[in-house]
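Participant: Below are the structure tokens for one structure; questions will follow.
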Amino acid sequence: MTAPAYKRIMLKLSGEALMGDDSYGINRATIERIVAEVAEVVRMGVQVGVVIGGGNIFRGVAPGAVGMDRATADYMGMLATVMNALALQDAMRCIGLQSRVQTALAIEAVAEPYIRGKAIRYLEEGKVVIFGAGTGNPFFTTDTAAALRGMEVGAEIVLKATKVDGVYTDDPKTNPDAMRYQQLSFDEAIMRNLKVMDATALALCRDQKMPLAVFSIFKAGALKRVVMGEDEGTKVYC
Ligand SMILES: Nc1ncnc2c1ncn2[C@@H]1O[C@H](COP(=O)(O)OP(=O)(O)OP(=O)(O)O)[C@@H](O)[C@H]1O
Ligand SMILES: O=c1ccn([C@@H]2O[C@H](COP(=O)(O)O)[C@@H](O)[C@H]2O)c(=O)[nH]1
């Protein structure tokens with residue numbers, strides 16, 4: 001069998017995608033399907049870190065947060081990602097996939113704090129490490145957390161599993177004429193203001209020479225294909 005292209009990956013899972021066809025929250029069938037795909041690459045010997053978003057539960061810049069102090073709204077958003085992290089861990093437990101949740105905000109009764117060395121040890125042991133609470137700082141996103149944690153634990157690539165199947169010339173949800181890139185550079189993504197990932201995360205990846213792949217979380221087998229180095233989604237290179 002061909003070996004995976006990467007030994008250690010940092011997977012950013014869209015919070016909003018966890019809703020499935022529901023209007024908010026976590027859709028059980030969706031989370032089970034995503035976890036099964038993660039389990040498949042873990043079985044191939046790939047070490048997997050996961051950063052989970054929070055858009056399905058709370059988004060700091062959502063209409064509901066209008067008038068709210070931005071930092072407070074962002075802390076609420078980060079707590080939402082911890083809820084998703086716990087749900088993800090539970091779904092992994094149900095299929096016998098070992099995982100640990102570490103959070104950037106201290107919530108001792110719920111999960112252990114983020115400790116880089118421990119996270120690396122867990123990855124080496126073949127456990128999935130789920131990083132909750134983003135970076136732990138307001139005014140950031142979980143995309144940036146994925147880039148940051150990916151660099152800290154020595155991942156070879158950041159994989160953004162999202163609602164669209166790659167990076168387009170414009171938002172494909174609003175512009176039907178948008179064309180998908182097979183690959184593009186970080187400089188081009190930043191210069192063209194392609195909003196599939198926030199600019200802070202893109203700049204961090206570019207500066208640290210961390211490649212990024214963007215693909216659809218809804219496409220069966222896409223995660224495995226990216227991990228095998230096959231042509232899937234969009235690859236953003238330095
Ligand atoms: N140029 C572009 N190419 C692809 N998608 C784009 C582009 N511009 C905007 N988008 C939008 O970006 C979205 C993905 O980024 P976003 O950060 O909103 O979601 P996410 O990270 O998947 O979710 P969450 O923040 O809940 O974790 C896509 O659903 C798409 O509609
Ligand atoms: O480092 C971080 C990460 C996230 N937030 C807040 O949480 C929400 C949800 O995260 P998404 O990346 O949008 O899924 C985000 O909108 C921020 O409000 C944060 O403050 N810092």
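We count from 1, first residue shown onward.
Glycine residues also receive a Cβ, built from the backbone N, Cα and C atoms like all the rest.
On a predicted model such as this, the values are computed, not experimentally measured, just so you know.
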Participant: Which of Gly54, Gly96, Gly166 shares the UMP site with Asp74, Thr135, Gly136, Asn137, Pro138, Phe139, Phe140, Thr141, Thr142 per TrEMBL?
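Facilitator: For UMP, TrEMBL names Asp74, Thr135, Gly136, Asn137, Pro138, Phe139, Phe140, Thr141, Thr142; of Gly54, Gly96, Gly166, the listed one is Gly54.
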Participant: Neighbour count first, Cβ atoms within 10 Å, every protein chain included; then name which of Gly54, Gly55 tops the list of binding-site residues.
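Facilitator: The largest 10 Å Cβ neighbour count belongs to Gly54.
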Participant: Taking only C-alpha atoms and a 10 A limit, tell me which of Lys12, Thr162, Asp171 are near Gly54 (UMP binding site). These are the binding-site residues.
Facilitator: none
Participant: May I ask which of the binding-site residues Lys12, Ser14, Gly55, Thr162, Asp171 is closest to Phe139 (UMP binding site) if we compare their C-alpha atoms?
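Facilitator: For Phe139 (UMP binding site), the spatially nearest of the binding-site residues is Gly55.
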